[in-house]
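Trainee: Attaching a single structure in C-alpha cells format; questions to follow.
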Amino acid sequence: MTLKLTYFDIHGLAEPIRLLLADKQVAYEDHRVTYEQWADIKPKMIFGQVPCLLSGDEEIVQSGAIIRHLARLNGLNGSNETETTFIDMFYEGLRDLHTKYTTMIYRNYEDGKAPYIKDVLPGELARLEKLFHTYKNGEHYVIGDKESYADYVLFEELDIHLILTPNALDGVPALKKFHERFAERPNIKAYLNKRAAINPPVNGNGKQ
C-alpha cells in the first residue's frame, strides 16, 4: 500500500502523524506544499483542508481520522473497548488543549502569550497529568505498557509547549518524564534529529 501525506512544511496538525509513521517505520511520501501551491490544491480536498492521507486509492482527511486509521493498522488503538475509549478520551483532551493553544497563537499571540502560560496552561496540564496516572501510575504510556496513537499526540503537544516556554512541564513530573522517555525511542530520536536539521516552524504564522 502506497501512502502519501500532504500538509504544509510546519508541525501543525500533521506532526503526530509523522511521528507515528516514523516510529513504526511505515514508508510514505511526505508531501509538503507551499502556501502558493495550496491555493490550487485546496478546492480538490474533501473539506478544503489538510492534512490529507492517500492510502492507495482512498483519500482520508481530518487529522483525527488519519491518526486513528493508522492506529488501527499498527496496533495502536488499545486491546479492548475500555482501552480504546480511554485513548480516545485522552486524545480529545489533548485536542481541547491544542485548540486553546492555537487560538492564542493565531489570534492573540503578543498580548495573550503571557496570560496563557500563567493562567491557562498549568490547569490544562494538571488535568492531563492526573489522567495520565490512570494506567501504571503514569510510569509508561497513556495506557500503561503499550503505546497508542494518543502517545504521539501527547508527545507533540508537550513538545510545542516546551518551545513556547521551557519550564512548561516543571509542575507535571509524570508528563515531563514521559516526554523525555518518548524522545529516546530509537526511531523517534532519529526522526527528531532529522527534523532538527530542517527546523520547520511549528505554526503557519511563524509564531514558534
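Every residue, even glycine, has its Cβ placed from backbone N, Cα and C.
The annotation glutathione binding site is assigned in Swiss-Prot to Tyr7, Trp38, Lys42, Gln49, Val50, Gln62, Ser63 on the grounds of similarity to another entry. Taken from Swiss-Prot, the feature domain 'GST N-terminal' covers 1-78. Residues or ranges marked as domain 'GST C-terminal' in Swiss-Prot: 80-202.
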Trainee: Count, for each of the binding-site residues Val50, Gln62, Ser63, the other C-beta atoms lying within 10 angstroms of its own C-beta, and report the residue with the smallest count.
Mentor: Gln62
Trainee: Say we define neighbours as other CB atoms within 10 Å of the CB. Which of the binding-site residues Tyr7, Trp38 has the fewest?
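Mentor: Counting other Cβ atoms within 10 Å of each of the binding-site residues Tyr7, Trp38 gives the minimum at Trp38.
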Trainee: Please give the greatest C-alpha separation between any two of the glutathione-binding residues Tyr7, Trp38, Lys42, Gln49, Val50, Gln62, Ser63, in angstrom, as a whole number.
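Mentor: Result: 17 Å between the two most distant Cα atoms.
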Trainee: What are the DSSP helix/strand/coil residue counts across the domain 'GST C-terminal' (80-202)?
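Mentor: Breakdown, helix to coil: 94 helix, 4 strand, 25 coil.
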Trainee: Please report the three-state DSSP label of Trp38 (glutathione binding site).
Mentor: helix
Trainee: When you measure from the Cβ of Gln49 (glutathione binding site), which residues in the chain that are at least 6 apart have a Cβ under 8 Å away?
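Mentor: Within the chain, Gln49 (glutathione binding site) has Cβ neighbours under 8 Å at Val61, Gln62.
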Trainee: To what whole number does the mean pLDDT across the domain 'GST N-terminal' (1-78) round?
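Mentor: Overall, the domain 'GST N-terminal' (1-78) comes to a mean pLDDT of 96.
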Trainee: What is the total of other Cβ atoms whose distance to the Cβ of Lys42 (glutathione binding site) is within 10 Å?
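Mentor: Neighbour count, Cβ to Cβ under the 10 Å cut-off: 13.
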